[in-house]
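Read the structure below first, then the notes.
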Amino acid sequence: MLEEVLQTISGLKIMGLSLLDIVSIFSQGAMLLGGVFPFIPQYLDIHRTSNTEGFSLFVCLNLLIAHILRIMFWFGERFELPLLGQSILMTFSMLVLVELCVRVNSKHELVSARPRRFTGGPENVGSSHFQSHSFLDFDIKYFWKWTDFLSYVEFTVTFSLVIGVITYLLLDISVFVQFLGFMAVFMEAMLGMPQFYRNYVNKCTVGMSRKMVAMWTCGDIFKTVYFIARSSPVQFWICGLLQIGIDISIFAQVGLYRGNAVPITKPAIS
């Protein structure tokens with residue numbers, strides 16, 4: 001009986017496409033665009049408030065590296081095109097978000113660097129000078145804290161070229177290709193760790209959006225099921241399971257620290 005129902009459902013056609021075909025197209029579209037959607041509200045919020053507090057540019061760095069590595073991995077082991085397209089789209093999306101953050105931060109730096117005077121008085125009060133930092137300064141203290149967007153583009157291009165050359169030279173070495181794929185998805189899987197660590201240090205989850213973590217969890221479950229169902233490389237679904245584990249751990253912290261209204265210790269990270 002169940003087999004007959006499944007056969008009937010799979011046999012349904014809409015505009016020449018079976019129901020299974022439609023589900024497959026929908027899931028591939030969700031994989032292609034799903035990674036960008038969570039960052040759209042963040043972009044609009046920063047644009048509206050001209051305030052980047054609460055958002056770390058290192059999130060963009062993490063995703064840029066992860067998706068560039070995934071693109072290079074595709075040349076060694078051809079996985080599905082929607083996943084490749086997602087990586088290309090995410091790379092450009094992160095650069096767009098970085099550009100907005102740098103523009104907003106630079107505007108604030110310029111405002112704070114202006115000399116302030118008492119009305120009618122010639123003396124400067126609390127004047128400061130705007131200091132620029134660029135990728136070509138090669139100053140590790142200001143890595144990924146540069147004041148011009150071009151520096152972020154230069155780093156992204158340089159990293160892509162270096163990894164591209166290494167991948168080209170070692171493309172025939174299976175161990176390297178598999179390691180490249182693992183590092184790509186592993187870095188993406190670690191996105192939840194800063195939030196977990198901050199909650200652990202503060203012994204408090206006040207200020208953390210539970211809806212955000214819920215969206216992470218739903219997205220990670222969908223991705224992992226998709227990876228397994230579509231027979232994606234093993235690195236993808238193993239790290240998908242790791243992401244789900246981190247999400248669940250963060251939810252466990254909500255219950256563990258529910259009696260703490262304020263952080264017990266000062267935050268160790270922003």
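Cβ from N, Cα, C; glycine included.
For reference, TrEMBL has these:
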type: TRANSMEM; residues: 22-43; note: transmembrane segment
type: TRANSMEM; residues: 55-75; note: transmembrane segment
type: TRANSMEM; residues: 81-102; note: transmembrane segment
type: TRANSMEM; residues: 149-169; note: transmembrane segment
type: TRANSMEM; residues: 175-193; note: transmembrane segment
type: TRANSMEM; residues: 213-229; note: transmembrane segment
type: TRANSMEM; residues: 235-257; note: transmembrane segment
Residues outside the transmembrane segment (213-229) whose C-beta sits under 8 Å from one of its C-beta atoms, at least 6 past its ends, are 27, 30-31, 34, 38, 192, 195, 236-237, 240-241, 243-244, 247-248, 250-251
Can at least 3 Cβ pairs under 8 A be found between the transmembrane segment (55-75) and the transmembrane segment (175-193), with each pair 6 or more apart in sequence? yes
Would you kindly list the residues that approach the transmembrane segment (175-193) from elsewhere in its chain, counting only those six or more residues past its ends and only Cβ-Cβ distances under 8 Å? 59, 62-63, 65-67, 69-70, 72-73, 76-77, 167, 213, 216, 233, 235-236, 238-240, 242-243, 246-247, 250
Same-chain residue ranges lying at least 6 outside the transmembrane segment (235-257) that approach it to Cβ under 8 Å: 79, 83, 178, 181-182, 184-186, 188-193, 195-196, 199-200, 203-205, 208, 210, 213, 216-217, 220-221, 223-224, 227-228
